[in-house]
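Notes for the one structure printed next.
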Amino acid sequence: MPSYTVTVATGSQWFAGTDDYVYLSLEGTSGCSERHLLDKPFYNDFERGAVDSYDVTVEEDLGEIQLIKIEKRKYWYQDDWYLKYITVKTPVGDYLEFPCYRWITDEKEIVLRDGRAKLPRDDKTQILKQHRRKELETRQKTYRWKEWHPGFPLSIDAHSHSELPRDIQFDNEKGIDFILNYSKAMENLYVNRFMHMFQSSWSDFADFERIFVRISNTISEYVMQHWKEDFMFGYQFLNGCNPVLIRRCTEIPKKFPVTMDMVECSLERNLTLEEEVKQGNIFIVDYELLDGVDANKTDPCTIQYLAAPICLLYKNLENKIVPIAIQLGQKPGPDNPIFLPSDATYDWLLAKIWVRSSDFHIHQTVTHLLRTHLVSEVFSIAMFRQLPAVHPLFKLLVPHMRFTIAINTKAREQLICECGLFDKANATGGGGHVQMVQKAMKDLTYKSLCFPEEIKAKGMDSKEDIPYYYYRDDGIKVWEAVKSFAEDVIHIYYESDEVVCEDVELQAFVKDIYVYGMRGVKTSGFPKAIRTREKLAEYLTVIIFTTSAQHAAVNFGQQYDWCSWIPNAPPTMRRPPPTEKGTVTIEQIVESLPDRGRSCWHLGAVWALSQFQDNELFLGTYPDEHFVEKPVKEAMAKFRKNLDEIVNAITERNKNKKLPYYYLSPDRIPNSVAV
């Protein structure tokens, strides 16, 4: 009688094994096997990390194996099991691989297809079409859209992490408990003695060092030593943790009436301000989005303030970007002066601090939360709802969705919810951050997520004109590597544009993102359908780049480097912006900066939010083998080779630099938004 050798691999996560009854049956083109008992309690099979083999004997040859059915029946208590994959050796010696990479949590039947990726048109038999349809029907009932706040991208319908499907939960929920991690951070940083000292101001700038010394490194110490200097202020717009706002100024805005007389002493080329603008030497950062946002009122003992500044910057003869004018409000007038480098030292310093504080708010809520976390969740939900596990695009994208829905759900549960941890130290807490996301949605366009196009749209694309913009240089290299990989995979499965058009699951995926994620807003520019392989490659690149590289660029510089020195990134200000010149004192600046308690909560936050996950998987690393075909594995190898070359180039450039830029080095880019 024909015999099949079945090999079953259990995951290596904690509690991945099971002691339950496990049954297996094979379904082929010529028939089905009986249900075979593979394991029962106390047989010590299916333990964590185990690979177990069994012989399954049948009466007659089953033909080509199409499906494997797995059942887990409870022995005593619910014992979840993480099944990685099953391989089958047929009677003629062929090997078939059946990827799973899922938790089996209940007593329902799990049905697996072999690992060869298939488009909808490739399924010819009714049984495969039915399996495909049932999988999506089940997923769409499980992964439901929900509006968390009006105007937000839709998110997952779950109130807490524990309500999520087991497959997308964290392996260890305690590892991403924000409250626990905050407490650990403040204990590790030796700042817990200050954490309840709200309303207690620091004595002076040097006093901030009492909570800084434990987390200092080369860059953060350099920031502490040079944060007051104009070159450091300007450098952060290019290579800090929020390098996305600066743009070339083509015209001085009427609301920001800077004159030649004001800035003449800052210009170095013997040109007028207008001529400097025409030559492309003037840049601008406008925090208009903060105008009208309500400041945090959750603590009646501390009034907190926001500003919506505008900052003009200049590329000097050393090709350094330096500030030359700052206005702290959007409406010009006598009570909204334009601060200049030629003003009194403390006037100019406080104006820059206000810009850095405003930059912190935009970074946290728009650049980071909205444009990486929330957008990536949209991609994740749509993928689970519309792409079955056998679809090549599911196999391509699923590593880049790892834990994204889980981290966002946890954030809504503990961090950015009403009375959440975000309210503790941030001037945009208490609802301001919600207003910011709602306002920022109008600028969330598809083109703005296309990295090279967004850089060009801001006039920041010339390496010759702006030679030290490493965020741009490294980002374009990673973008091109990701795009090349996406193109290689697309050309394996889509032989023509017509095949792209005919892929109903792909089109449903794209439509879900547009209709639910982007709320059907036409001005967002998100496509409703994809018609060509070229556009599909760009679309997939947007998804993979956003969930990996873009998030890495704006997340992992928060703690060690740019935000640990509080005066360089104040999360709140306790005095209103100055309305006249010549009155600012060092005491006023210190009293404006966060108090001891908020400073410590801030440090705990940026520490907890910028740590890599345990067992982090970095870009190009795909230990879960969803793809089994040789051409795709060759494309992956080529992708890794391209990424390695980028790593080497960045490492070489950073040698001996006091301010190395490494956030977009592929060996530091996690595959997904997971923190």
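Each residue, glycine too, has its Cβ placed from N, Cα and C.
Because the structure is a prediction, the values reported are computed rather than measured.
Sequence annotations record features per position, and here TrEMBL assigns domain 'PLAT' to 2-118. Mean predicted confidence for the domain 'PLAT' (2-118): the pLDDT average there is 89.
What TrEMBL records for Gly17, Asp79, Asp80 is Ca(2+) 1 binding site. Sequence-distant contacts of Asp79 (Ca(2+) 1 binding site), defined by Cβ-Cβ distance under 8 angstroms and a gap of at least six in the same chain, are Thr18, Asp19, Asp20.
As annotated by TrEMBL, Ca(2+) 2 binding site applies to Asp39. Around the Cβ of Asp39 (Ca(2+) 2 binding site), a 10 Å sphere holds 23 further Cβ atoms from the protein chains shown.
Counting only same-chain residues at least 6 apart in sequence, those with a Cβ under 8 Å from the Cβ of Trp103 (site 'Essential for stabilizing binding to COTL1') are Asp80, Trp81, Tyr82, Leu83, Arg166, Asp167. The annotation site 'Essential for stabilizing binding to COTL1' is assigned in TrEMBL to Trp103.
Look at TrEMBL and you will find 118-675 tagged as domain 'Lipoxygenase'.
Per TrEMBL, the feature Fe cation binding site maps to His368, His373, His551. Other Cβ atoms within 10 Å of the Cβ of His368 (Fe cation binding site) number 22 in total over all chains.
Using CA atoms as reference points, the binding-site residues Gly17, His368, His373, His551 were checked against Asp39 (Ca(2+) 2 binding site), and the closest is Gly17. When DSSP labels each residue, the domain 'PLAT' (2-118) comes out as 0 helix, 62 strand, 55 coil, counted as helix, strand and coil in that order. For the binding-site residues His373, His551, the ranking by surrounding Cβ atoms (within 10 Å, all protein chains) places His551 first.
The Fe cation site is set by His368, His373, His551; from the centre of their CB atoms, other residues of the chain with a CB within 8 Å are Thr367, Leu369, Arg371, Thr372, Ser376, Gln550, Val554, Asn555, Val673. The Cβ of Gly17 (Ca(2+) 1 binding site) lies under 8 Å from the Cβ of Thr10, Phe46, Glu47, Arg48, Gly49, Ala50, Trp81, each of which sits 6+ residues away along the same chain.
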